[in-house]
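Marked as disulfide bond by Swiss-Prot on the basis of similarity to another entry: Cys41-Cys75, Cys44-Cys52, Cys71-Cys93, Cys108-Cys119, Cys121-Cys126. According to Swiss-Prot, the N-linked glycosylation site annotation covers Asn57. Per Swiss-Prot, the feature GPI-anchor amidated asparagine maps to Asn127. According to Swiss-Prot, the region 'Loop 1' annotation covers 54-67, on the basis of similarity to another entry. Annotation comment: Swiss-Prot describes 77-91 as region 'Loop 2', evidence class similarity to another entry. Per Swiss-Prot, the feature signal peptide maps to 1-32; the stated evidence is sequence analysis. What Swiss-Prot records for 136-156 is transmembrane segment, and it gives sequence analysis as the kind of evidence.
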Amino acid sequence: MWTQRNAVGNWLLVLTAVIGFLTFIWIPQTSAECQTRSIYCYECDSWTDARCKDPFNYTALPRDQPPLMTCNGCCVKMVRHQRSPYEVVRRMCTSQLQINLFMVDHVCMMESSGNGHMCFCEEDMCNSSKNLHTNGCQLHLIAIAVAVSWLMGQLLSR
């Protein structure tokens, strides 16, 4: 028998499904590739420039920091041989890499051995950070996914 409670539950279920679907369609499109505006990224390699090493001295005078380059993509920070005497840090712009950004999704990727990582970010000088974090779109997606899961659980428990 069709009741008002079933109608409201079904309406909420449909609304939740639509919001969830739109979120998974919209969010990847907004964050799938690096922004088109120019940003500044540090460009250095700790193998040849000690200023590039971690921890990065972002409070140093500009002349005592590695060079900044204009970037029409994302800033990148790569670390090899992490936490060892042979650690190498490289900071650059994605325009210097041949990589499919749709696969990267602006996160940190660990090297298969676990001894290194590559991180992407989209703000001026963001590749100076020791630990790069996920961008706002990813946090937004996680929050919506949690809300959708909670709503689905509430509806299915009736």
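Glycine is no exception: its Cβ is also placed from the backbone N, Cα and C atoms.
The structure, with features from Swiss-Prot marked on it.
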residue: Cys44; record: disulfide bond; CB count, 10 Å: 23
residue: Cys52; record: disulfide bond; CB count, 10 Å: 21
residue: Asn57; record: N-linked glycosylation site; CB count, 10 Å: 13
residue: Cys71; record: disulfide bond; CB count, 10 Å: 25
residue: Cys75; record: disulfide bond; CB count, 10 Å: 28
residue: Cys93; record: disulfide bond; CB count, 10 Å: 22
residue: Cys108; record: disulfide bond; CB count, 10 Å: 16
residue: Cys119; record: disulfide bond; CB count, 10 Å: 22
residue: Cys121; record: disulfide bond; CB count, 10 Å: 24
residue: Cys126; record: disulfide bond; CB count, 10 Å: 22
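DSSP assignment over the region 'Loop 1' (54-67) gives 3 helix, 0 strand, 11 coil.
For the pair Cys71 (disulfide bond) and Cys52 (disulfide bond), the C-alpha distance works out to 18 angstrom. Within 10 Å of the C-beta atom of the residue listed as 'GPI-anchor amidated asparagine' sit 29 other C-beta atoms, taking all shown protein chains into account. In three-state terms derived from DSSP, the residue listed as 'GPI-anchor amidated asparagine' belongs to a helical segment. Proximity of Cys41 (disulfide bond) to non-local residues of its own chain (separation of 6 or more, Cβ distance below 8 Å) is seen for Leu68, Met69, Cys71, Cys75, Val76, Arg91, Met92, Cys93, Met125, Cys126, Asn127, given in sequence order. Mean pLDDT for the region 'Loop 2' (77-91) in this predicted model: 92. On a Cα basis, Cys119 (disulfide bond) lies 18 Å away from the residue listed as 'N-linked glycosylation site'.
The CA atom of Cys52 (disulfide bond) is located 17 Å away from the CA atom of Cys121 (disulfide bond). In terms of DSSP secondary structure, the region 'Loop 2' (77-91) contains 0 helix, 8 strand, 7 coil.
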